[in-house]
Amino acid sequence: MTQTFADQKRKTVETAEFTEDGRYKRKVRSFVLRTGRLSEFQRNMMNDNWGTLGLDYQTEPFDFAKIYGNDNPVVLEIGFGMGKSLVDMAFANPDKNYLGIEVHTPGVGACIAYAVEKGVTNLRVICHDATEILRDSIADGALGGLQLFFPDPWHKAKHHKRRIVQPHFVTQVIQKLGENGFIHMATDWENYAEQMLEVLSANTDLVNTSKNGDYIPRPDFRPLTKFEARGYKLGHGVWDLYFVKK
């Protein structure tokens, strides 16, 4: 019998189906993912390919060697949007494994569809809260790197505390990084870039790779997104930060 989404590993999963409004149900914990209507195509792609491209939240660490079938380094990307740049990176770097987390279900569906189109096999995606995945599902030292590109800036000052880049988050990520693991962030909000730089620089377990001690030019290996290209044409800035674990 062909297994569909989330119907393969966890006894706590109640259903394998995504509904049209993006609701995802579990026996133990139910939550409504970020709003967004799944197209029939996206829902079918998720259900048909989740057994090979999807992972479910679990309370014990993932066995990445078993999941990917090799010992290549695992790069985690949090908040991959529609997933095009993540899939492109996985396609361009077959010597690395990629793990993407996104709570916007249409984005997950689009990412899976594009991965299938490109024939990518070194990518897995998760539809769950990133902090819980880091806490429960990833072993200490298991990651080769973390990518966080254009996270929600929460631009109002009173909402800055909601930004994902906080000292405790960085400490948690560092714990999951292996030796010489990296943290690569990018944002088009200068104020958020300054906060990222401040938080990362304050952690004594990290080294900034920038020659000037601040930002780096966009590296060639980070694909230029349509959103980013449009921003450049409008004169918007983009700031990349790349730190390495000591």
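Count begins at 1; order follows the chain as displayed.
In case you wondered, yes, glycine gets a Cβ from its N, Cα and C as well.
Feature annotations, reproduced from Swiss-Prot:
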BINDING   Glu77, Glu102, Asp129, Asp152  S-adenosyl-L-methionine binding site
ACT_SITE  Asp152  active site
BINDING   Lys156, Asp188, Thr225, Lys226, Phe227, Glu228  substrate binding site
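The sparsest Cβ neighbourhood within 10 Å, among the listed binding-site residues (Glu102, Asp152, Asp188), is found at Asp152. As a whole number, the greatest separation of Cα atoms within the S-adenosyl-L-methionine-binding residue list Glu77, Glu102, Asp129, Asp152 is 14 Å. All protein chains considered, the CB of Lys226 (substrate binding site) has 10 other CB atoms within 10 Å. Counted over every protein chain shown, other Cβ atoms within 10 Å are most numerous around Glu228 among the binding-site residues Asp129, Glu228. In sequence order, Ile78, Gly79, Phe80, Ile101, Val103, His104, Ala130, Pro151 are the residues of the same chain, not among Glu77, Glu102, Asp129, Asp152, whose CB sits within 8 A of the CB centroid for the S-adenosyl-L-methionine site. A 10 Å cutoff on Cβ-Cβ distances gives Lys156 (substrate binding site) a total of 8 other Cβ atoms nearby, all chains included.
Separating the Cα atoms of Thr225 (substrate binding site) and Asp152 (S-adenosyl-L-methionine binding site) is a whole-number distance of 16 Å.
Counting only the Cα atoms, the space from Lys156 (substrate binding site) to Glu77 (S-adenosyl-L-methionine binding site) is about 25 angstrom. Considering only the residues assigned to substrate binding, Lys156, Asp188, Thr225, Lys226, Phe227, Glu228, the longest pairwise Cα distance works out to 25 Å. When the alpha carbons of Glu228 (substrate binding site) and Glu77 (S-adenosyl-L-methionine binding site) are compared, the span between them is 17 angstrom.
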